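Written out below as structure tokens is the structure these notes cover.
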Amino acid sequence: MAATAASTMSAAAAVTRRINAALRVDATSGDVAAGADGQNGRRSPVAKRVNDGGGGKDDVWVAVDEKDVCGARGGDGAARPPLFRTYKVKGSILHPYRFLILLRLIAIVAFFAWRVRHKNRDGVWLWTMSMVGDVWFGFSWVLNQLPKLSPIKRVPDLAALADRHSGDLPGVDVFVTTVDPVDEPILYTVNTILSILAADYPVDRYACYLSDDGGTLVHYEAMVEVAKFAELWVPFCRKHCVEPRSPENYFAMKTQAYKGGVPGELMSDHRRVRREYEEFKVRIDSLSSTIRQRSDVYNAKHAGENATWMADGTHWPGTWFEPADNHQRGKHAGIVQVLLNHPSCKPRLGLAASAENPVDFSGVDVRLPMLVYISREKRPGYNHQKKAGAMNVMLRVSALLSNAPFVINFDGDHYVNNSQAFRAPMCFMLDGRGRGGENTAFVQFPQRFDDVDPTDRYANHNRVFFDGTMLSLNGLQGPSYLGTGTMFRRVALYGVEPPRWGAAASQIKAMDIANKFGSSTSFVGTMLDGANQERSITPLAVLDESVAGDLAALTACAYEDGTSWGRDVGWVYNIATEDVVTGFRMHRQGWRSVYASVEPAAFRGTAPINLTERLYQILRWSGGSLEMFFSHSNALLAGRRLHPLQRVAYLNMSTYPIVTVFIFFYNLFPVMWLISEQYYIQRPFGEYLLYLVAVIAMIHVIGMFEVKWAGITLLDWCRNEQFYMIGSTGVYPTAVLYMALKLVTGKGIYFRLTSKQTTASSGDKFADLYTVRWVPLLIPTIVIIVVNVAAVGVAVGKAAAWGPLTEPGWLAVLGMVFNVWILVLLYPFALGVMGQWGKRPAVLFVAMAMAVAAVAAMYVAFGAPYQAELSGGAASLGKAAASLTGPSG
């Protein structure tokens, strides 16, 4: 018996060595050499440079001098390397970048002074409005630019982590949230769970929790199917070291770089697993009809019932297809089901190939992580707080079932793209050599997206933010929490302050536990263990009725009544951007955060490519930002533990929609050019335009430096500029209006869930890009486009009627530059509202040219004679007045 166990352990160790050899890690850069990225193996420029070592060949980033000391020594007394490397922008780029920022600040002040000295007496109201707008533009630019002065990149060293924590990695609880199997297609969710179960992390040291906020039997039975298919998929991933470990994305790749140890078996195993996956997808797609058919059979046997039935012949305790009392959305019991029990600590090798088991797993550890399905109780009269409420329930339930000291959260449409993604944040959390590891509340990864249209029409990749702004915050107190792809320290979620302000255990003991965390003694009893970052997962020995009662209490609606949940504990409530505010609360307490750079990307997800859905998405974000400003989470109210420039960054995040009100009206100013010749924002108008061109050009030059150090492309930057203008002409002003109504009426703002539809039925994965969903939110931007097209037509008409060298003519041409610039920025929106015609951009150009020509012809025919008549009349009145008053002086 002992010999058998020894041989089993030896075989498992050999497999582990083989996998670790295949998944080799570059010790300098932390690059995981494991297959191609989800985007056909393409690397982003910034990742490629850093993973080349950040050394001599890198023309942007340079490694910060870090000595391998600080008391971190191995058993032989040798200094151990740090668990992550820090890079800063080279001075040859950073210093000119900072100088340009200072120069533009001086130019803005000079521009304001010039405008005050040349006050427009003809239209004081117009001049005043534009002056207020320009001052706010300058202020918002300063808020946006100051936090970007010291960008920092941090790259985990997975080889160093393996050397120092090869067998004692701490436990991790992984949270996944979903609501609606229609708006969030269930195929995304099952692939997310499968990628998590197959992650390269000690299988007995992490657990996966799915929160189904809709309480649907479809989601539950999909997880049952996942648990079955994972018995094949996870060992296959371990045997062949496949990347990525989401089956849908893995099988969609045309080529894969093989890193496993048995290449001769890959093709046969690949064919077998792919066939099983296709059958698995068929079962997932047919779940709804299967459950309905089963329920019809059971309901026929029980006259008068219209229930939804589980496979074991019992009523589903959640929502039913036909709503009934206690079985409908917003009113159903809580559910906690352990679908996969916690595995043993010893490896369990699979079976050799046979007729019943075509895939040989004899040398592969076939254990699976713990998998738990959760649907919290919902009752009328309670505000269930959407995603934040679901996350807090998972935080409590996981404390009883696994209580890992670290937590990672995912949206249901994000998957693990890099199998070592759970190891990477540990490099920052566990590096306590005076480098802030113990004071790190969370590690945020960039968000990367699949199936975005090739030109990224609506800036879904948002690289300016993810690779620019977030790296800038990395040089301060850390990035903001972005809602998904984030590892937390559990005690930070409990509202405990960082160790620099006191040990976690002593803080917890000093708290008013019942009033802060609720009445569950079982949950409270887990808190001290959860504060130990060295802790693994120690599951409950028996899930008996008493534990079931505790779990029911923790998922109940009333549990949080009279407690600090949603305010000082867990995810923050009563705000649309609960992610940003939750991260802000931790920063306000003095915690730090880290923005991690790994290659391939740690996680990938989906993004809405439909114009309407994308606009609703940023409406929710901008509305939540304003809610943050007008709440107790205002950055101005934070204490001294918040870094000064971090405060500026949060202030910018919570006020940026306000500036767009002025942008919106600026875009409408050309209307006055259509009405009269007398309205000018500023005189002398030509000099004013030259000032504007200079100030705007400087911000674009600064942007080119950011493009350089952020490693993004010019297309990324241009798309960001375009979509900012699209948001500024409709969405952001709408968010400001919503916030004003909330302040007046006291009623909250409802923001709809972003729909991420699949397009498999059409055969075109970009079909949503050319679908027009008409909503009122589109109207303001359409009006802006019409006004500026008309203004261009009038300008062309003036140049034709008066001559381009006359004062009216050349002023019209100068003004037309502004109108054309606005139209260029709104070009993606115009394509979007064209629907299927958007596939042919030439149609748009022809239509606009015809519209401009028509307006110009109308101006020449009707407007120019009228203006000439007005000018002639004004001249006659002037002569008459002169004859009456006589010569002056």
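Indices start at 1 and increase along the chain as displayed.
Every residue gets a Cβ built from N, Cα and C, even glycine.
Given the structure is predicted, the values throughout are model-derived calculations rather than measurements.
Lifted from Swiss-Prot, the feature list:
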- 34-53: region 'Disordered' (REGION)
- 93-113: transmembrane segment (TRANSMEM)
- 123-143: transmembrane segment (TRANSMEM)
- Asp213: active site (ACT_SITE)
- 265-293: coiled coil (COILED)
- Asp411, Asp413: substrate binding site (BINDING)
- Asp579: active site (ACT_SITE)
- 655-675: transmembrane segment (TRANSMEM)
- 685-705: transmembrane segment (TRANSMEM)
- 723-743: transmembrane segment (TRANSMEM)
- 777-797: transmembrane segment (TRANSMEM)
- 811-831: transmembrane segment (TRANSMEM)
- 842-862: transmembrane segment (TRANSMEM)
Long-range neighbours of the transmembrane segment (685-705), counting only residues six or more past its ends (CB under 8 A): 93, 96-97, 100-101, 103-104, 107-108, 111, 114-115, 141, 145, 717, 721, 810-811, 814-815, 817-818
Range from 93-113, 655-675, 811-831 with the greatest count of C-beta pairs under 8 A to the transmembrane segment (777-797): 811-831
Secondary structure of Asp213 (active site) (DSSP, helix/strand/coil): coil
Rounded Cα-Cα span from Asp579 (active site) to Asp411 (substrate binding site), Å: 12
C-alpha spacing of Asp413 (substrate binding site) relative to Asp213 (active site), in angstrom: 15
Secondary structure at Asp413 (substrate binding site), reduced by DSSP to three states: coil
For Asp579 (active site), nearby residues of its own chain (Cβ under 8 Å, 6 or more apart in sequence): Ser480, Tyr481, Leu482, Gly483, Trp571
Neighbouring C-beta atoms (10 Å sphere around the C-beta of Asp413 (substrate binding site)): 23
Average pLDDT across the coiled coil (265-293), rounded to a whole number: 96
Long-range environment of the transmembrane segment (655-675) - Cβ separation under 8 angstroms, sequence gap at least 6: 126, 129-130, 132-133, 136-137, 140, 143-144, 622-623, 625-626, 629, 681, 725, 727-729, 732-733, 735-736, 780, 783-784, 787-788, 790-791, 794-795, 815, 818-819, 822
Surrounding residues of the transmembrane segment (811-831) on its own chain - C-beta under 8 Å, 6+ positions past either end: 457-458, 611, 667, 670, 673, 685-686, 689, 692-693, 719, 721-723, 725-726, 729, 781, 784-785, 788-789, 791-792, 794-796, 798-799, 802, 804, 838, 841, 844, 848
